[in-house]
């Protein structure tokens, strides 16, 4: 547990580098006295050592000569880890600058420091020199100048008791009949009570049973489970554990089973003490929640034990108590559970101090009234030492210390009533009167209820009882447990409640208590009358104590406090009179430190003593403090044994103190020896402030305290029930967040239970008021405000009362788990460090921005690859020179002539059995059959367009070659999907109409699908509506077979088909949005692709090929239709339908037929991975598994695939990604590289500027892991070019990928668009590259890296291609370029309710829009800040609109890819079905609701998504 969050920040004016390494020996350092153990020394020794340490460690005159000091330089520090602090520079801390239009990009990306705009002028030694001799040394502990005696017998000194259990035995004998505890009900009536004799007897009985029957040893832990109303049973068991020598572990929360189990496990407790009623209730709770009883724990009902009866002439068992008394478990501000160990010695130290303070509290004449004047019904039997009245929980913290332990130590009578009793007007004051209370313990929440009830209706208090009038004259101390002193309220309590009700000195009676609830509830400051003030004040000054200065206050300058400086404008009465002045803050003091405590003000970041009048963390050392956390040694060392440092005036170096302190986590200061607390470290907000002075930009941090902000909100904002405020560290900046609880956020319901519309206008008004009031009163630029219903924010238990836990709220806010109904952002004011590009108007590709990059990288080489030409030479199988071949048809005739009986194709069925072998002769005959049939059709002529609609089969290959021979232009397309007819049919009709399709060739399976009733009706109706005449459908598989060969038919290729501009083949590519792209390839290109594929993959005729999925285009097409003919090898065909039924069949075929090179899509591999097949075959033969992709590769996805398949025998070197697109199926590949792909980490911040900069760590939020796409194959050359200026990019920047290759497509089919035509004959601006380049439209870069070519191979340099993504999908904000996929990945990782792949980011009308498919539609407002923060932190942009839609509403392709274009179109046209829309910046301009108002429409329901299993298998993979 570390109570200080790991956030950077500069603490006030003290900016120092923490001490690192060893500290040089120094004469001053040797003067420190070792004080490592607080519990093994006597109180006197501890006090003397503490004083000696203070006097020797801090030179004379250090405090007296101190002046208010301002440090002008500012530097940030952050907490790192739990045990130490260190300085963090660069990316972790500093803010990215605003880059002007003419920003110097060289400075921006210089080394590892990314745009720091915080500079330090002074050297570190000069900073230390400012502190030498000026630091404020710790306040010395005070002595108790008199012996502490028993209030009932002044002859008995309490120091003779060695433990608190011995004191109880003493009370049981000498105050036997006096009442020890009285428990009241909610109406103030006595519920139960117990005398000291019975209390001691029952405790002895519990101890006896534990000793005799439990089997526990000394120091074993025993759990105590009692409810607050069972306080007497709790006290009995607690002291029973003390007497028995075991360690008590109180547990106060029964509703949290996980917390109970954690405590039982941590403490290894085997025994639990409780009551019969409590045990039955606990059993019912477990049964209701279907939980099991904790294991290995025995449960005893102590209310059935009775009392202890000592035999005649027998002596009491000796007390052999261990060091530890009890372990108190509590939660830290961030919700972590930890136990604090309390020893018996610690208890006695604190009891002595508290007894001395109570003994010196002033008593008044009326306090000595004859008890006969009071109703004897209540006063008879009460202790004459004093009566203690409280409603705080007696089982923990200060309630346990004062209400139980100190009651036993001082012999008081404690009267306890439930917290609900304070809500009864007049009851509390009458209880104090009835019992003649000497001391009462309260908290602000209860005391405010009591006091304000009296203010509203005094008669309810004064007339509450007819027996006696209200009189608080006997009250000596009204103790209030609080963290901050409420100056205004303590005036009200003193002057308008205590004084009117008879208290003679109300200001002295009111005693704020500064306690440490996280550390056992120990008191570190409270009002006392012991003396020693002259040692607390500067120069020994002691002001006379009067009733007027019993309440100490100061009026501080608000602006100075923001810089952690204490500038006092007025004190005490003057402060009260001037508190209404603007820009001031009124702060009240607790009092001097606790009598035996050493207290220091320390800079929490540097651990160096602060200067006077500077806010710092309160560190304290005292014998009354706990020894540490239970079973957490590292946290104990960091928190309970912290060491501060002072600056030597000789060496100007930090000298560590040997005295150990407890870090309280409280921020405050000391003035005239009194302790002022501003709040917890976690409750302090900080915000960056920038301004320009004399042309120099300055940056500092203003600090604000949650308590001040909350008070302002509660006073000025209407309809706020409670609130929380904190800051979050996003984008290297602290951003204030406010969470409001408001009754307006309760979801209204009608009488029938139906929910009605929420008044979002009222919620918007409340949040607007909050933003404006904090800006006006505190100059806090709020980042966002969220609203939820009352009692929904996370709370912590303090004194039995639930209070909002700021750090728990922050954690829940960051995780998006709170039930918020509304969120309002004010990013325009709060976010300062949004980066701006070099050219904010024209973007990163402009001449100006490109010129800056060119100047920055002027010493780097240009990015283009080499070119190795590999033209056709000899056919390896036939040893025939094929350099003169111009078409695949010539190679086919070569196979028929030379190897007619060799097998060309074999079909594999679903069981892995071979079908009928197709030899080259039969193949030739089947192609001739289709040629002969088509020649008879008059409308089939060379140059005509035909569509090949086939399932994966050899019929498709026959038809393809028949088209080649006849000079037809084939366009292969898959069959129509009956599940997506609304998408497929329009695309098919578009193809027919715009490209004048003469015929559609199909096989039997495709024909059956077309003739299906649903499909045929849909097709005919759509054709009629679109006025499209359907062409002839020819079923080629049903043509009568004939035995003539192609040669015998005397079929000759038309010469026009050999023209380089003639499209021999047209590939149809559908984007995820189902946008059709047709690319044309001539015969020479097809041969070149085969040649490049053969050379790069080292393919031979000796190994067969396999065609299975995606056979209509790309690599799948070549492996299915062309490579077998080109190599003269056998091609095995596996139907995608059979693969879907048995995914392992693919690898069984590969293993059986020793296939060396094959391909698979990402969908194919993902399908296999999801099916989890067993009995994998041996895959050692597979050397090259090609995975085509047309964009950026997911490094995490590839790693997971690789890990899975390597586990099943596939070589990690076999994974070969292939970069391909519609213009070239084989642009780059990792085939046979002999190296495992290693992600390269790129800096996203540099990437936005167009630069490539490696990132040093994957833990950085801006680190982008990127995999390469391999090397450039033969006969191919790549260049990286600026897409706008057409200048070659240099190494260190990225640009558009241009390619020159014989495998490039010749054109977009029948396109006359000048832009399309320009893409196919691109040249750079200076002509360096020459002509013939094709622009891919993808962004990427080339980089030379060193890799080992396989295991035990030498390291070689490789030029690798990295693909970033399509340039058409990028968008620019402030002149910086962003890839939507990166932002979408960030969003999907940010919250578990965001579906994977369920995010779309795009730019519309200049606004960045985020559309999210959410899981569930409740409390979507809680997710919005998580999304905005994640985008801001990783990408430094702010989304303008966040819209939510139900899961399944995204249009998706048959491959389950989201269709960005359709989502954008539906958003622009208002047809996107959204459940809520949040405007972060700007308004909806009438399209939706007004600015910042969510659009909640519960009537909308998501449509069921189309499962990928329901589509045709060949379209899935």
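Each residue, glycine too, has its Cβ placed from N, Cα and C.
Annotated region 'Disordered' per Swiss-Prot: 1-26, in sequence order.
The compositional bias 'Polar residues' feature in Swiss-Prot is assigned to 1-13.
Annotated N-linked glycosylation site per Swiss-Prot: 35 (among others), in sequence order, evidence recorded as sequence analysis.
The annotation N-linked glycosylation site is assigned in Swiss-Prot to 40 (among others) on the grounds of sequence analysis.
What Swiss-Prot records for 76 (among others) is N-linked glycosylation site.
Under 8 Å from some Cβ of the transmembrane segment (231-251) lie the Cβ atoms of residues 163-165, 168, 181, 183, 192-194, 199-200, 202-208, 210-211, 216, 218-225, 260, 263, 267, 269, 273, 275, 302-303, 317, 319-322, 324-329, 339, 344, 394-396, 400, 404, 408, 416, all in the same chain and six or more residues away from its ends. Residues annotated as transmembrane segment in Swiss-Prot: 231-251 (among others).
The annotation transmembrane segment is assigned in Swiss-Prot to 397-417 (among others) on the grounds of sequence analysis.
Among residues of the same chain six or more beyond the transmembrane segment (510-530), those with a C-beta under 8 A of the stretch's C-beta atoms are 3, 142, 144-145, 328, 330-333, 338, 340, 342, 350, 354, 356-357, 360-362, 396-401, 441, 477-483, 485, 490, 493-494, 498, 550-551, 588, 590-595, 597, 599, 618, 620, 622, 624-626, 640, 662, 664-666, 675, 677, 798-799. Taken from Swiss-Prot, the feature transmembrane segment covers 510-530 (among others), and the record attributes it to sequence analysis.
Swiss-Prot lists 612-632 (among others) with the feature transmembrane segment, giving sequence analysis as the kind of evidence.
Swiss-Prot lists 720-740 (among others) with the feature transmembrane segment.
The Cβ neighbour count for residue 917 (N-linked glycosylation site), using a 10 Å radius and every protein chain shown, is 14. Annotation source Swiss-Prot lists N-linked glycosylation site at 917 (among others).
Counting residues 6+ beyond its ends, the transmembrane segment (956-976) has Cβ neighbours under 8 Å at 887-889, 892, 905, 923, 926-927, 929-931, 934-935, 940-950, 984-985, 988, 991, 995, 997-998, 1001-1003, 1005-1006, 1009-1010, 1015, 1019, 1036, 1046, 1051, 1053-1054, 1056-1057, 1063-1068, 1078, 1080, 1083, 1111-1113, 1117, 1120-1121, 1512, 1514-1515 in the same chain. Per Swiss-Prot, the feature transmembrane segment maps to 956-976 (among others).
If you look at the transmembrane segment (985-1005), the same-chain residues 6 or more away from its ends with a CB under 8 A from one of its CBs are 937, 939-940, 944-951, 953, 955-956, 959, 963, 968, 971, 973, 975-976, 1018-1019, 1022-1023, 1026, 1028, 1030-1038, 1068, 1070, 1074, 1076, 1078, 1309-1310. The transmembrane segment feature in Swiss-Prot is assigned to 985-1005 (among others); the stated evidence is sequence analysis.
Residues annotated as transmembrane segment in Swiss-Prot, with sequence analysis given as evidence: 1051-1071 (among others).
The transmembrane segment annotation in Swiss-Prot covers 1114-1134 (among others).
In this structure, residue 1178 (N-linked glycosylation site) belongs to neither helix nor strand by DSSP; it is coil. The C-beta environment of residue 1178 (N-linked glycosylation site), restricted to residues of the same chain at least 6 apart in sequence and closer than 8 Å, consists of 1151, 1209. Marked as N-linked glycosylation site by Swiss-Prot on the basis of sequence analysis: 1178 (among others).
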Rounded to the nearest Å - Cα separation of residue 1321 (N-linked glycosylation site) and residue 917 (N-linked glycosylation site): 45
Cβ packing number for residue 1321 (N-linked glycosylation site), 10 Å threshold: 12
